[in-house]
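Chemist: Following this message is one structure expressed as structure tokens.
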């Protein structure tokens, strides 16, 4: 892990760049060597799943289990394969997310949460982004496959221009950096990767109407092929955080734009905070980014 560097506010970007240069190797990680169990080691186990080493997290009535990365990252791509609980998973939540470790009131976080459901009903992929302590940016998706029958790859791509969430390489969500318009964005704090399996039967499945059938416990989810790729700037630029504002290096590809349209055209987006017409927001309180044009 890179050592802490004393940083004056005006030198913040330079300090972050130096921390990056002192950090771990670009483009590698290992689910056994680079993560550690933080909840309930007796509810977890490593095993060989084919040619890949995998980690199982389990949940029973008493407790769940979780892991975290040993390193912290700043502008990075995180890829991990997950196989979710088979059968009736109502009330369970399986996660992979990143979060900063500074004061909670200004924390940054990028969430992927898989909300379980009754047998035969689809999982919900719940995503949220916190920046400078401000969240409430939920988007939810139904998936176009059964995420419990085999592994699928889930990715968080975080660069200075946007956050992108991918499922099996398909871009399902973006969150643009609109700091110049007064919208908070995770720019300065490093984040650590976490994964967990826990109970949220009071809200996770159909708003808490469907409870967990604890007679089916333990519930187990599986993780493998954890990989970290540091953000790569354009040629001649020291670090992603110093990429010029006018650079097109992080522009969305035609495929990513087509993916986003495909996801919406096929009604895989089941909730979008910007489109919420309930009593949650009115025209005066709706988050500012909802009225801004998308960045290229």
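The backbone N, Cα and C atoms fix where each Cβ goes, and this holds for glycine too.
Just lifted these from TrEMBL, have a look:
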SIGNAL    1-29  signal peptide
DOMAIN    24-223  domain 'GH16'
ACT_SITE  109  active site, nucleophile
ACT_SITE  113  active site, proton donor
CARBOHYD  117  N-linked glycosylation site
Chemist: Can you tell me the CA-to-CA distance separating the residue listed as 'N-linked glycosylation site' and the residue listed as 'active site, nucleophile', as a whole number of Å?
Modeler: 25
Chemist: Which number gives the other C-beta atoms within 10 angstroms of the C-beta of residue 113 (active site, proton donor), all protein chains shown included?
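Modeler: That number is 20.
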